[in-house]
Structures are given as structure tokens and as C-alpha cells.
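K.L.:
So TrEMBL lists the following for this protein:
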- 97-114: transmembrane segment (TRANSMEM)
- 134-153: transmembrane segment (TRANSMEM)
- 230-249: transmembrane segment (TRANSMEM)
- 261-281: transmembrane segment (TRANSMEM)
- 346-366: transmembrane segment (TRANSMEM)
- 378-404: transmembrane segment (TRANSMEM)
- 416-443: transmembrane segment (TRANSMEM)
- 455-473: transmembrane segment (TRANSMEM)
- 479-502: transmembrane segment (TRANSMEM)
Amino acid sequence: MVIQKFHTFFLFFYSENNHSLSACGVGPASSYHSLDLNGIMTSDESRFGNIYIHPSTNRELQSQPMASAIPGDEETPLVTDNSPPQAPKIRNHTGDIHILSLAFLLVFLAFGAAQNLQSTLNTEDDLGTTSLGILYLSFTFFSVVASLVVRVLGSKNSLLLGTTGYVLYVAANLKPNWYTLVPASVYLGFCASIIWVGEGTYLTSAARSHSTDNNLHEGAVIGDFNGEFWAVYALHQFIGNLITFALLSDDQQGGSTKGTTLLFVVFLFIMTFGAILMCFLRKRSVNSKGEQELSGADAGACASLKSLSKSLGGALSDIKMLLIIPLIAYSGLQQAFVWAEFTKYVVTPAIGISGVGSSMAAYGAFDGICSLLAGRLTSGLTSVTTIVSVGVFAQAVVLILLLLDFSISSGLLGTLYILFLAGLLGIGDGVLMTQLNALIGILFKHDTEGAFAQLKIWQCATIAIVFFFAPLISFKSVLVIMLAFLCVSFCIFLSLALKLGYTSSSSTSHRI
């Protein structure tokens, strides 16, 4: 009897407290259990209805509504997901191009200024010019295998590795001699080959992805991306040479140049920041098709070498590449002319070594502006042909003026004339570099790495030839060779444009 009364009191007490807690919004989330006289667990399902969950069915708790004991929340599920399905986000690849352009600007403003000074600072036994010749000779040889290295490492890792050679070369200029500059030049040749093939591959891959993701015209996007990159890159001549102009000064008494150590230390800090910036680039597929057949351990050495020989051989057997190569070679020739011959035989005699910085700053400014405009105007083969014609005309004007020995007496007008010539050379370089890279990206979709490797091979070969052989012949002879080469290469390029234009019109009429 006592036990039964106690049991009845316990049930009444538990029920009253349970209702009071539910009214406050903190009611129990599970049923209560009681012991009957026989000691067996029971539950009052009639009073707590859908709160009760049998111990054997606890796995159903997540799928049932919250207890009806919570006022105003009878039909609220434990987990709600009323958000509409999200559409896939369209990736914007322009951010990578901004980072790539700025990183190259920081790295090459230091190297470009150091390169411009080699023929005037390191004149003992032609150390500066010889080191540049070794650099571009090494660049030429390593460009043969650069596409393979880029495929194995990936374009981003190739860019990161490539920056180390530029840092080492600028550091070697702190104590320039045959034991520092020559090894640094050989290593830089390797690094330059992979950084430029990696740059062309990365930029073209980003342009194609951007055009696909945003449903844009591929040729226009490639032109825009190349225009932005080469415009920002060309500013390295402007900014780097302004820094040179500010930090270097001619010692009138000793005939030497002051401030070189401080200049190269500043350059090293700037280059380091540029190398760090490249770490923020997103990784991309190592070839134009997004395939990974040559990456990592999946490809053996034999397969890699076969792919390399097929890539280079295929590019050389393509009539389009054969018709572009002469203009590619001239683009390297005119760059070497500016770095070695123009600064030594035109700028220095007119306005001194310190004037090299200001003249090359003008060169870089016009190069950058022209690159940006040329990239914006690029949409296809017709626009490329028109823009290249403008650049060729600017280069021809400079060569003819120099051949005719046209000059202005020293003074303000003489300085402005030198800056005018440097600006025309910058226009020509901006056009050639922007349009050649865009043209290769448009025409050689099947093998982007191999095509850009060909670009650097022929550019570097002609640059190395200038650095090695230009000191052996007169300045006038260099001008005659360049003018003849310009005319021949441009005529061959026009034949390519006519051939592709005729093929395109024939295919269009055939479809109609």
C-alpha cells in the first residue's frame, strides 16, 4: 500500500513539473519512465504523445519534429534548408593576370636596368657585354627543353623557380668579375627559358579559361590579357631606369660612376617582393588541353623526350610557325640593339651614362602605352597585321635616321631628340611583343608550350648573336643588317597574313 501511494505521488509530481517547464519553453525533449510494481520500465505515451521515442528507435530522432510541448514551435523541423539551389560561380581570371603582371614588373625593373648598364659599367675586357652574350646563348639552348620543364613543374612553379636566376644575376653585379657574372649568366639562361615559357603558357591558359567561363571571344580575351601584361611589363624600363637615373651619378673627376652598390641593393629588395607576389598565383593545368600526361611520375623520361621532340619538330614543320620565325628573330634583334648598341653609341655620347636612365625610361613609357593600346585593339589576324605594320614603320624610321647620321647639337633639343628615338623604339617593341604573343596564342592552341618555346629560342638566338658579334663590326653595319632584316621579315609576315586570310575566306564561302 505504501509503495503504491508513493508511486502515485511520484507520477503526479513529475507531471505537474513537466507542464510548468513546458509553459516556459524548456520542457523535456524525451519521455519519462516509471517503475511499476514489478520493476519494469514503462512510459506514459498517452500524455506525452510524439515526445516519446522508444529506446530502440532513437535513430529516428533527427527526422522527427521538435516536441509539441514547446509552444508555437509545433511544426518547426530540427533542420531547415529553404535556400534555393545556387548556380555555379563564374570564375574571374583577371586577378591572376594582375598579379602576374605586377610580379614581372617588380622582377624585371631591376634586371632590365642592370642589363642596360652592362655595356657601360662593366667595360673591362667587355665583361658586361660578354656576360649578356653568355646569358642569351644559355637562354637559347635551355629554351629547347623549357617546354618539358614547364610541363613537369607546372607553369606556376616554373615562374617561381625562374625568378631565382634574376635575383642571383643582380646580386652578382655587387661584385662583378668573371667568377660571379659568368656562372650567374649561365644559370639565368636556364631560369629565363622556363619563366618565359611558363608566362606564355599561364597567360594563354588564363585567357582561354576566362573566355570559356564568361562566354567571350577567345581571340579578344587573349589580346586583352597580353595587352595588359606587356603594358605593365614594359613599365619596368620606365620605373627601373628612373631609379637608375636617381641613384647613379657621373664622377666628373675620376671618370667613374657613383651609387652602383646602393642601386643594386635596392633592386634586390624589389625583386624579392616580386618573387613573393608570384606565390599568390593560382595553379593551372600544365598544357593547353588541361591534361596531365607529362606531370610527375606518370611520365617516364623516354615518353617525355618523345613528347618534347614531337612538340619542337611539329612547330618547325608547321608552315605558320616558319613564316612567323623571321619576325620573331627580328624582335630579339631590336631588343639587343637597344640594350647594347643604342645605349652605347647613341645615348652615352650625347647625354652621358646618367642619361641612359632617362632615355630608357622614355623607351619603357612608350613601350607600355603602346602595348596596352595594341592589346586592346587586337581581335584577330587582320588587326594583328595592321598593328604590326605600325610598329615596323616606327622601327624603320629610327634605323633610317641613324643611318643618315641625323643628329641635333647638344642641349635641350639634343636630349629631346634622343628621347624621341627611344620612344619610337619603345613603340616598335611594344607592338612586336604584344602581337607576336597574341598571334601564337591564337594560332597554336594544340601546343602552346612548344610554340612559346620556339618564340624564346629564336629571340634569344638573335640576341646572343648581337652581343657576341656586334663588337666585331661597325655600328653602321649593324644598322644596315637590322634594316634589311626588318624588311625581309615583315614581307614574310605579310605572306602569312594573306595565306591565313585566303584560307579563312575560302572556308567561309564553302560553308555558305
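Including glycine, each Cβ sits where the backbone N, Cα and C put it.
Quantities reported herein were computed from a predicted structural model and do not represent experimental measurements.
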K.L.:
Let me spell it out: take the transmembrane segment (455-473), skip the flanking residues so only those 6+ beyond its ends count, and list any with a Cβ under 8 Å from a Cβ in it.
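P.N.:
Residues packing against the transmembrane segment (455-473) from afar: 126, 129-130, 132-133, 135-137, 139-140, 143-144, 146, 189, 192-193, 196-197, 200, 325, 328-333, 335-337, 340-341, 436-437, 440.
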K.L.:
Quick test of the contact rule: Cβ under 8 Å, at least six residues beyond the ends. What residues does that give for the transmembrane segment (416-443)?
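P.N.:
For the transmembrane segment (416-443), the nonlocal Cβ contacts are 200, 203-204, 207, 218-219, 222-223, 226-227, 230-231, 234, 237, 320, 324, 327-328, 330-331, 334-335, 338, 342, 346-347, 350-351, 355, 358-360, 362-371, 374-375, 378, 380-381, 384, 387-388, 390-392, 394-395, 397-398, 401-402, 407-408, 451-452, 455.
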K.L.:
Counting only residues 6+ away from its ends, which parts of the chain sit with a Cβ under 8 Å from the transmembrane segment (230-249)?
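P.N.:
Contacts of the transmembrane segment (230-249) (Cβ under 8 Å, skipping residues fewer than 6 from its ends): 101-102, 104-105, 108-110, 112-113, 116-117, 257-260, 262-263, 266-267, 353-354, 356-365, 367-372, 374-375, 426, 429-430, 433-434, 437.
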K.L.:
Given a Cβ distance threshold of under 8 angstroms, which distant residues of the chain, six or more beyond its ends, lie next to the transmembrane segment (97-114)?
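P.N.:
Same-chain contacts beyond the ends: 159, 163, 166, 169-170, 173, 199, 202-203, 206, 225, 228-229, 231-233, 235-237, 239-241, 243-244, 263-264, 267-268, 270-271, 273-275, 277-278, 280-281, 357, 360, 364.
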